[in-house]
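If you check TrEMBL, you get these features:
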DOMAIN    50-290  domain 'RNA 3'-terminal phosphate cyclase'
BINDING   Gln56, Phe246, Leu247, Gln248, Asp249, Gln250  ATP binding site
DOMAIN    136-237  domain 'RNA 3'-terminal phosphate cyclase insert'
ACT_SITE  His272  active site, tele-AMP-histidine intermediate
Amino acid sequence: MAGQRVEVDGGILEGGGQILRVSTALSCVLGLPLRVQKIRAGRSTPGLRSVCLLMQVSMPCVLFAASPSELHLKGGTNAEMAPQIDYTVMVFKPIVEKFGFNFNCDIKMRGYYPKGGGEVIVRMSPVTQLNPINLTDRGSVTKIYGRAFVAGVLPFKVAKDMAAAAVRCIRKEIRDLYVNIQPVQEPKDQAFGNGNGIIIIAETSTGCLFAGSSLGKRGVNADKVGIDAAEMLLANLRHGGTVDEFLQDQLIIFMALANGVSRIKTGPVTLHTQTAIHFAEQLAKAKFTVKKSEDEEDSSKDTYIIECQGIGMRNPNL
């Protein structure tokens, strides 16, 4: 950590834990001494430790490590305000692996709000460099599938009701595809605490993946949980982008570090994405441009191209 210390204002833009995650990961990879002030200034309550958020911080670091890593991550696997582990495995993983690496994610125990208690083991090998990605061709939706789960004391009927309500909601808009949402009772020895939720994935002809998900809360009926997830998925299919609103910001750090120009087509650019871009530019000195998509099919939609000239980070250990 030889360089000039970088001062980061944790209160700007998204003003939450994401500033800490992006800047810490970049600090680690680039060897930049870092001080973050006003961490989570824009947040009212402390965040539950989410396995998926821990993975976001650690993954860039272990990609540029000297040898293969095994991460034992503990916390919530299916928690509010964070990606669900199913999203990480079913959407994030196949897309992020296009940067030229693979990882293995073994869910030992699922953990729910408020207790957490989940455990996931992630194994990955380091890379010499990351390849840039080009995700600009959406293709057409070919499959819709998902899982509706209950854990702990919640009756299996809740899973079936969530799945059925979600299918009904999707059918109103997409009639020609079979929607396959499996109701699941999480095994007692693989789930800590009580929880219910649903994730629905749409896959396209070009391999793009979109998701809608929702978690049950006390006093919210199962149908509403299913419908919320379905509506979120449908909204993510309307904007014409190649990634959903949750994948957007998770790809920024990899685009910044990659060797060459990456391009992704998105719907409206989220505050999380703007935040990730800001700190990737400040810390890694990557160059990003965000502009309205000029493709004809996008003319009536809120569609953008995020382009990045990556810094071509080389692994100093390999």
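Placement of Cβ uses the backbone N, Cα and C atoms for every residue, glycine included.
Given the structure is predicted, the values throughout are model-derived calculations rather than measurements.
Residue counts for the domain 'RNA 3'-terminal phosphate cyclase insert' (136-237) under DSSP, split into helix (H, G, I), strand (E, B) and coil, are 37 helix, 37 strand, 28 coil. You'll find the Cα of Leu247 (ATP binding site) roughly 10 Å from the Cα of His272 (active site, tele-AMP-histidine intermediate). Of all Cα pairs drawn from Gln56, Phe246, Leu247, Gln248, Asp249, Gln250, which the record names as binding ATP, the longest spans 13 Å. Note: the CA-CA distance between Gln56 (ATP binding site) and the residue listed as 'active site, tele-AMP-histidine intermediate' rounds to 13 Å. A 10 Å cutoff on Cβ-Cβ distances gives Gln250 (ATP binding site) a total of 25 other Cβ atoms nearby, all chains included. Separation of the C-alpha atoms of Gln250 (ATP binding site) and the residue listed as 'active site, tele-AMP-histidine intermediate': 9 Å, rounded to the nearest whole number. The Cβ of His272 (active site, tele-AMP-histidine intermediate) lies under 8 Å from the Cβ of Glu14, Gln18, Gln248, Asp249, each of these being in the same chain and 6 or more residues away along the sequence.
The ATP site is defined by Gln56, Phe246, Leu247, Gln248, Asp249, Gln250, and by the 8 Å test on Cβ atoms against their centroid, the other residues of the chain that qualify are Pro83, Phe92, Val243, Leu251, Ile252, His272, Thr273, Ala276. Within 10 Å of the C-beta of Leu247 (ATP binding site) we count 25 further C-beta atoms, all protein chains included. Summarising the environment of Gln56 (ATP binding site), the number of other Cβ atoms within 10 Å of its Cβ, over all protein chains shown, is 22. If you take every residue in the domain 'RNA 3'-terminal phosphate cyclase' (50-290) and average the pLDDT, you get 97. Counting only same-chain residues six or more apart in sequence, the Cβ atoms lying under 8 angstroms from the Cβ of Phe246 (ATP binding site) belong to Pro83, Tyr87, Val91, Ala211.
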